[in-house]
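This report refers to the structure that appears directly beneath it.
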Amino acid sequence: MSWRWALARRVAALGATSGGGDGATAQAQRLFSSAAALLGRHPPPPSPPHYQIRSKVVGCRGATFVSSRWLHDAQYQVRQDGLSRSEEQQDPFELVADELSLLANRLRSMVAAEVPKLASAAEYFFKVGAEGKRFRPTVLLLMASALKFPLSDSTEVGVLTILANKLRTRQQNIAEITEMIHVASLLHDDVLDDADTRRGVSSLNCIMGNKLSVLAGDFLLSRACVALAALGNTEVVSLMATAVEHLVTGETMQISTSREQRRSMDYYLQKTYYKTASLISNSCKAVAILAGHTADVSMLAYEYGRNLGLAFQLIDDVLDFTGTSASLGKGSLTDIRHGIITAPMLYAMEEFPQLHEVVDRGFDNPANVELALDYLQKSRGIEKTKELAREHANRAIKAIEALPDSDDEDVLTSRRALIDITERVITRTK
């Protein structure tokens, strides 16, 4: 028997000795199931029930971080001011700064390649100074902390700490995998868009050419697949594979739209989900699944990521019209110059139907670009897009507020940080 299974059985034994009778035996079985899932194995015992407390979702598929009352009998009360946004906020990025540095170093080692040119291309956006804000890894690390359960004060806390550290490493792996998939999509997008800047520096295709950029993106995806397979969780593998499929689907939707589709807000939002929100939402859900949470809690994590991603892209589309090339780290008016119609222009078209004809003519002629911008300036397109972004931000915040009750300060701090990130997304200027 491996040490992993021995450890899992030890946790189950702890549950069995915490009380007598059939209830203790069933609880031990649930703990064994959770520990086994954490360590990459999936035995088939039935899932435990989950509970509803007021409007909060409470429950887990088995305790990974175990309280003295074995979690399923615990009902933690969130302090009334626990998630108050009026409290002094800590910088969300600073909360996980040490882990982000660790992840950055691991990512640089993970993308090393035997062929020097491929290695140089693959590590281009992982080099110090070019790695960007690391927005997605930050969100995922904070989500992992926001979903954790407190360790007990028992004498067996050392065993539980081993499990906790093991889980944290696996959740860090999700952050690494997500960032590799994201960077791969950027490399491919820059080739498709013939972009010359990214993150304030020259794009890889501009420096090394399209062929090497495409190969570097493929290489990153292959490394992400290897890391994903190593987790040994088929549900998580399926989620992340779906996110990659959505990236391809969204990009295809963008480059092959009909006239009717270009005018459709529903089509735009579906494409935006595929291109931007699917990766972060499914990654948030993967973090919850690895921790052994119920489907309800995992869906709250997903909903947070989905609405955060949509809000992020809506503001990004606003900034394409209102920002500068220097502030955005890429060219402004990029979308419209490529004939891509986004929310601000869609709202302007609703307000000024004559704009449809301008859009249908395309934007190869600079005069059409200027005419479309004139209509946009007269409309409420920018304002209505910001309002829609706020709606999605509010939904993301509600998802965090509906997470299982906890009185753990680290958990509450992380949840406040996720709410803070949401507010930053819709108030950013770059």
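A Cβ is built for glycine as well, from the same backbone N, Cα and C atoms used for every other residue.
What Swiss-Prot annotates here:
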TRANSIT   1-31  transit peptide
BINDING   K133, R136, H182, R199  isopentenyl diphosphate binding site
BINDING   D189, D193  Mg(2+) 2 binding site
BINDING   D189, D193  Mg(2+) 1 binding site
BINDING   R198, K275, T276, Q313, K330  all-trans-polyprenyl diphosphate binding site
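A map of Swiss-Prot features onto the structure.
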residue	record	contacts (Cβ under 8 Å, 6+ apart)
K133	isopentenyl diphosphate binding site	F93
R136	isopentenyl diphosphate binding site	A175, T178, E179, H182, L279, I280, S283
D189	Mg(2+) 2 binding site	A195, E251
D193	Mg(2+) 2 binding site	T334, H338
K275	all-trans-polyprenyl diphosphate binding site	H246, L247, G250, E251, Q254, Q313
T276	all-trans-polyprenyl diphosphate binding site	G250, G309, L310, F312, Q313, D316
Assigned conformation of H182 (isopentenyl diphosphate binding site) - DSSP reduced to three states:
helix
Under a three-state reduction of DSSP output, how is T276 (all-trans-polyprenyl diphosphate binding site) classified: helix, strand, or coil?
helix
What is the number of other Cβ atoms found within 10 Å of the Cβ of R198 (all-trans-polyprenyl diphosphate binding site)?
23
Per DSSP, three-state class assigned to R136 (isopentenyl diphosphate binding site):
helix
Based on DSSP, name the secondary structure state of Q313 (all-trans-polyprenyl diphosphate binding site): helix, strand or coil.
helix
